[in-house]
Each structure stands twice: as structure tokens, then as C-alpha cells.
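J.: Please find one structure pasted underneath; my questions will follow.
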Amino acid sequence: MPKSLDIKKKLSARSERVKSCDIHPTESWALAALYSGKVFLWDYETEALAKSFEVSELPVRCAKFIVRKGWFVCASDDMKLRVFNYSTSEKVKEWEAHTDYIRTVEVHPTLPYVLSSSDDMSVKLWDWEKGFQNTQEFVGHAHYVMAVKLNPKDTNTFATASLDRTIKVWGLSSPTPHYSLEGHERGVNCVDYYPSGDKPYLLSGADDKTVKIWDYQTKTVVQSLDGHTHNVCSVMFHPKLPLIISASEDGTVRIWQSSTYRQESTLNYGMERAWALAATKESNKIAIGYDEGCVVVEFGNDDPIASMDGTGKVVFAKNNDIQTGTVKGVATDESADGEKLQIAVRDLGSTEIYPTSLSHNCNGRFIAVCGDGEFIIYTSQALRNKAFGSALDFVWSGRNTGDYAIRESISRIKIFSNFKEHKIVKPATASAEQLYGGHLLGVKGSDDAVLFYDWEGEFVRKIDVSPNAVYWSDSGEMCLIATDDAAYVLQHDIAGTAQALAMGKGDAEEGVDGSFELLFEINEKVTSGKWVGDCFLFTNSQGRLNYSVAGQIQTLVHLETSSGGATVHSILGYLAKEDRVYLVDKSMNITSFKIMLAMLQYQTAVVRGDFDAANELLPMIPETEYLVVARFLESQGFKEEALAVTTDDDHKFDLALELGQLELGLELMGNIPADESETTESQAKWKRLSDLALSQSKFDLAESAALACKDFSGLLLLYSSTANKAGLAKLAELANEGKKYNIAFLAYFLLGKVEDCISLLSSTNRLPEAAFFARTYHPSKVEDILSLWKTELSKTSTSAADALSTPQLNPDMFPDFEVALKVEQMFMSNRNMDVPAGKYLEAKGDLEMDLIALVKASGNGNGNGNGNGATQQVVEDVVPEPKVEEAAPVSPAVDEEKLAAEKLAAEKLAAEKLAAEKLAAEKLAAEKLAAEKLAAEKKAEEDRIAAEKKAEEDRIAAEKAAAEAAALEKKLAEEKEDEELADEFADDW
């Protein structure tokens, strides 16, 4: 196994025995067939059970995805095959397929075929386009057929493994085998084909505890792998990595190099026997089925191994095969962003090592492949070998064609100049764990720090941060260090560093002071990146393509992510001539997005404050992008410049108001089409314009804007503050028409139009409020309003309506009513008198004047007189501030008969109330008793149904237990008979 591929556990799910497993090629799903008769669908990203399927009461021995149909097919010990839709959980098909246990199924990669193998010693072919009709049967084995596997290089042939100790190779069109491979000493349990086309190899595992590699052309054993201490249950050539993996009943999963056959690792998760393995060519993950559950592990990472030079030529690795293509000219102006590019690919050849990294040098003439502890440098056009050697890591210099460095060990770095060894560096750290190339050579230390050296081997600086990657700009002046949770952008002082090193001023432990300066921090996890000038393009861990200019993050697009929300794209490079950034996903699909270089340069100039350069670049940007430019200027605080650039009227309006340019805002509002003037958006704009005008004391503009958006509350504030009686009158009518009755009422009240207030309250059926308002401000209307109120109230309660008093029927209930009528006349005669604001100090005493007391003090002491000349004199004296010194107290006589009548009425009312409460209590008690009786009857019925249901369940359970005991007895008898008939092949399957 490549040394740099670490093994990470993605899922560990406990369950019953897992006899088979499979991995979905695009979703983060693992399928597990359980001995309990269930099939589980696990999400290994979230480590949660996504779905569970109740398949059978007997063990399910195999389950495989049929991805192109959205199905999975499974086989159980009731000799049936079943097909389920894993999205809807619907059962698609169920049929009896064999006459004995079904061991495995295999899905054809292109044709609508499923192969199944069974203990009835046959293999059957099923066609789902013909309703899963059995179209071919293959017979030839002398014992159980344990496994079947299609040849990925020739899908018309397949191999089978049997307990008769043979492996047979078949064709889909013939019911008899082409040939047999013999060599195992005991029954063969599993078989697999080599996935690539360069080796005609088969892999098998058997009860003799060995794994064998076969050349099926010469029909010989190439290699036998020993190490397991019990039966080998499952084997595979990993479809993506150069690995052989085997699972055994000894509880271990062993990993071997597919080229050297050296055992690299052993996995043991303490979950008893290992039964099954599964993998896909799309990822580095494998699933393992155990006695006690399912495990998914990942080897290293599945990031694409690809590199792009400055001209758009892409080189990428698929296993040991190196391929190339070009993205130059593939994406046109009509191409949609994010669209998969159709690139013409050609093979360059194969590399002798399995690549874990691949990179171009600075001018694109050479590529370096590193893996398996070695590196090889090839020419990028013809894959001719230029240099090679042992290395744990390889990085290119950012300056010269043939300059590079390798990490030979954890304590030794070699620097090469023009492909020749130049300098050996022993970094000042306990362990050098990784190298980073570019303008300087970076070494990641075990002490969570990165050490920078120049390409002459001189120590430049130690920075206390643990990096995942280091990105350099082409000029070498900008450097980004990406960590697990953030990224740091540094400015490198090239001239100052060179001068300090020449003068020997570097510190042995910390390096050259001032060689780097922290500019800003990006609080996101950078997964890949590329400098374009002083602008940094990057993808983050949430699947967004962003760029950063002086710490300002702009999101270009939200990319597709995995089911767990992680990014699946990496940045390949940027072509300035095409204004496009190119990305590659984990399946080697290349996409592009339009990002204009002029835009990036313009934004960089703005951030630097160089508006002369920015103005020179602006004409190079299409006007269609001016809104983007304006929003960037606004984010930088340059709102006036943004207003001059923006082409969007909505944005221009927002900026005009923020800058206080009311006239421009009004002009823009005048450009709104008539059919859009009543929209919510237009109304909101008028409201904002009105508020701004009001804040600047431009009352005419504020009034016209408020009228345009029907801002009645704003108009009320404006008119009442400026004593605009005509405006208030107009507002009252508008508010009334617009059903804004609160505003209309206040406007009428401020104008003194109390009759209009009463009319408004009455028309809106607010008769109680109208009555009390009339009693206070317009008593002559009380009788009319009370009459309306009584009529309306009688519709719901006659007694309540009768209880209402009126001045005519009950004058004693309205004390001082005649006085109130006199005061009303005083109010009506003076309500149109305007008092200037300058007279406030003189007139403010009138606000607290008690007119009722004044009228009563005029000599009409009983309050029920008809008035005389003295009263009129009071009316005339109210306007100037009257001076009342002392008023004789009024002591009206007490009417004994009236009090007795009132007391009798109160007692009668109390008695009626008490009777009503008693009647209501009796009714409530009766209802409660009826409800309790109904609840008791309902509970009795529920108890009866539950008892019947339990009796039925007990009966079914007893019948099921009897059936299971009979089935077990039958099965034991059959197994005993099989053992007697086939002593030679006895085993514990």
C-alpha cells in the first residue's frame, strides 16, 4: 500500500451478522445484508442508519446496488430474490430463484442482467427488462457455487468459485464453462478480477487459508498469499488503488501491495469474523461486513491527482495510467458556468509507481510524479524520464525550470538545481513531516510550525502555525498558509530578506525578523486555491468558490457538495486569456467559471487606493458587470464612486438616499413605469424618500412622497407639527377612504370636528365609543347615538339593551347634562379660533380650564336651569383668562324614594344573577357526569379490543414458534444428510 495513504475509519455500525455489503458509487451509502433477515442502508458520512428493509424471516446472504435503476437486489435463505427501490422503499419484484440457498448476486455494469449463484450448484442469469426472466442457466460445478464475478474488461465473461475447489470461467451465451482453474486444497469461497487491462489476473480466496493470484491466460498461479489463520471469505483487487484486500474468519482484513504482493497492513476491529468486502472505482473507501456489524474505512483521500500548466494543458493520473488533455478554447462565451467540459483525452503512458501527487514545474515543461516512497520527473509532452529517486515528498521551485526539493527522510531535505543535487538541509525540527514548494521552500515541522528556506538552503523564517498547504503568488510577494480552520495571508519582503541573509542577520531559531508581515486572516478552511495577481481564488470546506481581495471575501458560486456537505472540487488553475477558473471534482470532471482578470485587477487597485489605475482598468470591464463593480465599491465604503458606476436603478436609488441626494432619488422615482408605481417595492421607496426629506426639513418633498406611498401616519406627523389645517382635512378624507380609521379619527379630532369623529365611530360600528365620546364632546348627539346602540345591542341581548339609560328617559342618570349642552355651545362657537404658537404661554391656561365648573359657578347652582344672561356673560369671558376666586359649594338634596328604587332594582338584579349562576352550575355538573359516563364506556371498549388483540398475537406467536421449530428440525436433518453425502467437502459454512 502507498505509504502516504493513511487508513481512516468512516463508519463503525454494530448490528447482527453482516453476510454481504456494497458501497454506492455516488452517495455516501453502505448496504449491509444481515443474517437476521434485514437489509440496512447506512450513511457513512453522518454515521446514521438511513433506511431499514424487512426482507425475510431467514438470513439475507447477499445484497447489491443496481444504481442505474435506483434499486438493490438481495438473496435470502428462502431461495428467493427480491428487488427494492431504495428511494421509496417499495418492493419491485420477488420470485423464487433457486432450489437451495443463494450465495451471491452480481449486477452487470451495462446490460439489464443479474447473475445469482446457489448451493444447488448452478448459476442463473436474470433479465429485468423481461420481468426478471431466467434467460440462461450455467451448470458445471460439483458443489456449492459460493461466488460469481463479471470480468470488467470483457463483460461477456465471468468467473465462479465453488466448494468443489475449482474456479470456472464462463461466457454469458454458453451454459457450460470455458475452462477451470485448480490449485486450492479446499473449497474456494470468493473470486475477483484485476480491474485494469494490463494484467490478465484473477484473485481467489479459499478454506485453505490462502489468497491466490491467477493468470487466466496461462491458467497458472502467479502468487499465493499466506497469513490468514482461518477460512478466507472475501477478496478483492481495489478498483482504484494498487491494493489486494482479503477478509477472513480469523477476524482480520489484510492489505497487500498488488505489484509486489507485500503485506502492508492488517485491520482488526474486534468484531469477530469478517465475511464481506465492497469497494467502488469512484472512491478510496471500502466496506467490511463482520459478525457484529459493518465498518467503512478510507485509504488516504480521494482528491483528484491532476495538474494544469499556464497554457491550459491538464495532466492527470488514473491508477498508474497518465493521461493529458487541454481546456484551452473548450469553454466559450456561450458556455454556462459549471458545465462539464468535454475534453479530448489522450494517453501519455504508464508510470512505474502509483502516484499520490502529480505537479507541473513553473513553465509546464516537466511533470513530477511521487508515490510509493519514490519520485519520477517526466517531460510533460511525451512522458520521457528526466530524473528519479527516493522521496517521501516532492515540490517544485516557483522560479527556475529544474529546481526542486525532496524530503528524503524526517530529518533530511535535498535541494536540486537544474536537476542536479545542490544542497542538503537538515531542518531545525524534530521531524520534517511535509514539504511545500513555491517562491520559498516550506517544511512542516512536528512542533506545529512551518520553516521557510530559500532555494540556496538558507533559513528564512519560522512561523508558528501548522499548515495544510502553502500558496505563493507569481511575484513571490504574497503567501497564503492554509490550516485546518483558517488561512493567513502574509506579505513577503523579498528585497529585505535577501539583504538580511547577505549580511548574516538571520536568527538561527526564528530566522529573518520582518521577512513576513501578516496582512489579514480568512476565517474559512481553504481546500484549494490559486493566486491571480494579488487576488486569491479558493474553494472552502462548505463547497463555495470564493475570492479574496485584501481580506474582503466575495462568493462567486455555491458548488455541488457531497451528501455530508463537504466540497468535492479542487481548483486546477486560471487562464487569464479566457478569464476562466478551472475546477476538477473527485470523478475527474472538469468545470469552469467566468472570472474576468480586469475585474480582479480593478478590485485590487481599489483596495490599494490607486484610483488612477482603477479608472484605467474600468473601460476594460463590460458594462454588464458594472453592477458587480459598484457593489464592490460600496462594500469598500466608496459610495459616491459606486453611484457613478452602477447601472441598476434600484442600486442607484439606495446609494442616492445613503448619500442624501434627494433630488436624484426623486428623479429616479419619476422614472418608474405607471404599472409599477403601486407595487410594494415602489411604496417602500417613496416611504424612504419621505423619511429622508423630513429629516432634512424639506417638507414639500416629504409631503409629496408621503402622499405617493399613502404614508398616512407620516402625513399626520407632518401636518400636526406644521399646523396645516387644510392638510389635516385632506388627510382625514384620504385615511377614511383608505380605511385607516385611527388616522382619520385623529385628524378630525385635531380639527375639532367632533361630529365627524362620532360619525366615523358610528359607521365603523364602534357605538359604545361613539356614545362615550359624544357624552364628553358633543352631548347633543348622545340621545341619537344611544338609540343606535340600543338597537344594535338588542340583537344579541335585550336585557342589556334595556339597561342602557338615555337623557330623555333617565335625566337623573346624566348629572349636569344641561350644563354640558351649554359648554358644547361654547366649544362650537370657539373651535375655529386659531391661536398662534407665539401665544402659547398666554393661552396654555385654557387647556386646564373646567368649563362645567365655570358655568355652574355663574349662578345656576342646581345645574338643571335653562340658563340666563349670566351664563352668556361667562361664555364671553372664557376667551380671556378668567379669574375665579371662590365658588360656593353645591349640595343637591337627596331623593329618598329614588334611592329606595335603586336599591330594590339592585337587589332584584342580584337575585336574578344568583339564579342564573345556580342554573349554569347544575348544567355544568350534568354535562360533567355525562362525559365521565361516556369515557368509562369508551375505556371498557378499548380494554375489550386490547384483550382480543393480545389473544390473537399469542396465538400467532405460538404458531410461528411451532413453524420455526419444524423448519429448524428439517434444516438439521438436511444438513446431516448433506454431510453424509459429501464428507469430502464438509465445512462449517
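Backbone N, Cα and C define each Cβ position, glycine as well.
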J.: TrEMBL lists coiled coil for one of the ranges 739-798, 799-858, 919-978; which is that range?
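T.: Result: 919-978 is the stretch TrEMBL calls coiled coil.
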J.: Between 0 and 100, where does the mean pLDDT of the repeat 'WD' (138-180) sit?
T.: 95
J.: Report the DSSP secondary-structure composition of the repeat 'WD' (138-180) as helix, strand and coil residue counts.
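T.: Output for the repeat 'WD' (138-180) reads 0 helix, 22 strand, 21 coil.
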J.: What are the DSSP helix, strand and coil residue counts for the repeat 'WD' (181-224)?
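T.: Once the DSSP states are binned, the repeat 'WD' (181-224) shows 0 helix, 24 strand, 20 coil.
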